[in-house]
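Residues or ranges marked as transmembrane segment by TrEMBL: 41-66, 78-102, 166-185, 191-212, 224-249, 255-278. For 284-311, the entry in TrEMBL reads region 'Disordered'. Annotation comment: TrEMBL describes 286-297 as compositional bias 'Low complexity'. The annotation compositional bias 'Basic and acidic residues' is assigned in TrEMBL to 299-311.
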Amino acid sequence: MSKSEGLGLMTLTRAVLYYLSEHPSMVGFRWSHSQSWGSTWSFLFSSIAAYLALSLLLHSALLLLFRRRDRPVPLGPLPAVHSLLMALISVTTFAGILLSSAAEIRDTRWMWRRSRLATTPFQWFLCFPLGTRPSGRVFFWSYVFYLSRFFHMVRTFFTILRRRKLSFAQLFNHSILTFSSFLWLEFSQSFQVLSILCTTSVYSVVYGYRFWTAIGLPSACFPFVVNCQIVLLGCNLACHVGVLLLQLIKGGCNGIGAWVLNSVLNGAILLIFLNFYFRTHKKSSSSHPSSPPASAEAEAEKAAVVKEKEL
């Protein structure tokens, strides 16, 4: 590598670090009902209610206007553009919160040593010290993730327009995840950093795959999105266990009340997903009772690939 190339790489690296973790708007960020858009409880509940109402209204209108339920409304490149944007947002959020977490640990680690209970960087990822305020780089990216949940909801309307189907699991999942993201900021909840890292990493892959298939490239021969959802749920479950252990060992994690509510909501999402997963496999197996095991498994995977488009 030449000297000019090395200088160019260093300049690029510094620019990336600056815009993802050192920009004044990130360092000076503060979650505030008066300064942060969408930060009030009234906005949260009204936006979720509007999302549910619009979904029901669109579904009902299509049933009245179109008799043929199997005829999709042409959407052109909109689903592909949405998937591409969601993938880029997820990648940027993942990189931003990872770099911001490293910077936050670097700047505040000296305070941990002076506290009554010493905290390691790994523990900090799971358990914020008591008294943590929703300000700084990490909470800036948590705020970005919260806002991205509303853009993520758009996929529901694509599903309704293309498949004429209103999925309760999809409506519940989007609503609860948006509500949970709000709780992270409102109560400076522990566990949110690892949750955002896991979620954005999986979303980067999932929406990249959806963009890949939306532009006409071949799809996987197995339920790719479903498997990614299983990985994400497994990571979240492991993180929740880690928070619980640290809460018992260290004597307190910030925002633990919100974490308990979040755990209950995530448990409900897990039960709905498991019900969908096993119901899909049971339905495909019962429809081919005389098929050999290999064929039944192939049919189950095929049904899951079709069903996962609703997720």
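In case you wondered, yes, glycine gets a Cβ from its N, Cα and C as well.
The stretch from 166-185, 191-212, 224-249, 255-278 that makes the most Cβ contacts under 8 Å with the transmembrane segment (78-102) is 191-212.
Through the fold, the transmembrane segment (191-212) approaches residues 79-80, 83-84, 86-87, 90-91, 93-94, 97-98, 101, 125-127, 138, 141-142, 145, 184, 219-220, 224-225, 228-229, 231-232, 235-236, 239-240, 242-243, 253, 259, 262 of its own chain, all at least 6 residues removed from its boundaries and within a Cβ separation under 8 Å. Through the fold, the transmembrane segment (166-185) approaches residues 31, 39, 44, 47-48, 51-52, 55-56, 59, 134, 139, 142-143, 145-146, 149-150, 152-153, 155-156, 159-160, 192, 195, 255, 258, 261-262, 265-266, 268-269, 272-273, 276, 310-311 of its own chain, all at least 6 residues removed from its boundaries and within a Cβ separation under 8 Å.
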